[in-house]
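Undergrad: What TrEMBL records for this protein is below:
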DOMAIN    24-286  domain 'NADH:quinone oxidoreductase/Mrp antiporter transmembrane'
TRANSMEM  60-80  transmembrane segment
TRANSMEM  92-114  transmembrane segment
TRANSMEM  150-168  transmembrane segment
TRANSMEM  198-218  transmembrane segment
TRANSMEM  239-259  transmembrane segment
TRANSMEM  271-291  transmembrane segment
TRANSMEM  320-342  transmembrane segment
Amino acid sequence: MPNNSTKILLLITLVGGVLVSVSSNSWLGAWIGLEINLMSFIPLMSNIKNMYNTEASLKYFIIQVLASATLLFLVTMKTLTEDLFSFDSNLYTSMIICTPLLLKSGAAPLHWWFPGVMEGLSWENCALLMTVQKAAPLMLMSYLIEINAFTLSIILLSTIVGSIGGLNQTSMRKILTYSSINHTGWMLIALTTSENLWLVYFTIYSMLALTVVSAIKLSGVSFINQTMMTNKETTLMKFMMFTSLLSLGGLPPFLGFLPKWIVIQAMITNNMAPLATVVVVTSLITLYYYLKISYSSFMILNTEPKWNLKFHKNKSTKNMSALALSTISLTGMAACSIISNIN
């Protein structure tokens, strides 16, 4: 992990690469933005003192280079046959160009690298990988995506794999990984409906993912069984972590239910009720394992060992920021409902 000044520079170029990619008027410019983003994220991931971080950064680099090379080849072929400065494509061209972008964003069935990479990263980099790194590929897919058999199969696979894959996991990182894959399916549905809807979903999802990661990092938890071994001083952190997890899963009346509610309404309006039924059922499966963790930790197995004397002192700033984010996720849905009723 680089020092603070280098980290700030890399984060600026990371966001700059996303902005270059989404504001480009050609596929070559979009590819350059993706490469700037990748070259900024790799140094943030790697750490010479941690073998797992280095392994994860190498895995991520190989996958992203494969996707970038494929995208550049396809863009070159598109230039020879059609037009470089045009995002308009026919059905087969859009399907082919979407494939490396789906690989970059970690959507099923091109998700095989995602859990392994997440398992070796620090919590800050996990948050970046689940949020910022998905923005550019998904935005580029919005130029191409349409309702067809290919898109529907990707949506169904992402939601199903994301829900079932997290059922037998004990690592918090892998649970968040499969939740992210499930949310990617929801975001693809939002993209087929409206870019504004996708922007709302992505913004709320990013905020909730950041809330969950902040709470988990402050709790010092990496596996499910560690959530059951907390003392009285960390009860607030534990409450924040699980309420944020339930919000991320889409349980009403938390804020995470709002974007899913809007997407379901859009699907029903567009006569996509069967698809809406499937994605709601898969979302219920993700809620099942979130509720299973939360209920067992709060009610049944609520142990407070005397030997666990770890107390989170001198972290008041981090505690307050995590508490503020958790409060937004708790009260956001109620606030939105009041505003909509007033209007």
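Heads up, the Cβ atoms here are built off N, Cα and C, so glycines get one too.
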Undergrad: Examine the transmembrane segment (150-168) against the transmembrane segment (271-291) and state whether at least 3 Cβ pairs sit under 8 A, considering only residue pairs 6 or more apart.
TA: yes
Undergrad: So what's near the transmembrane segment (92-114) in sequence-distant terms, Cβ-Cβ under 8 Å and 6+ beyond its ends?
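TA: Here the qualifying positions are 27, 34, 59-60, 63-64, 66-68, 70-71, 74-75, 78, 82, 133-134, 136-138, 140-141, 144-146, 148, 150, 154, 157-158, 160-162, 177, 180-181, 184-185, 188.
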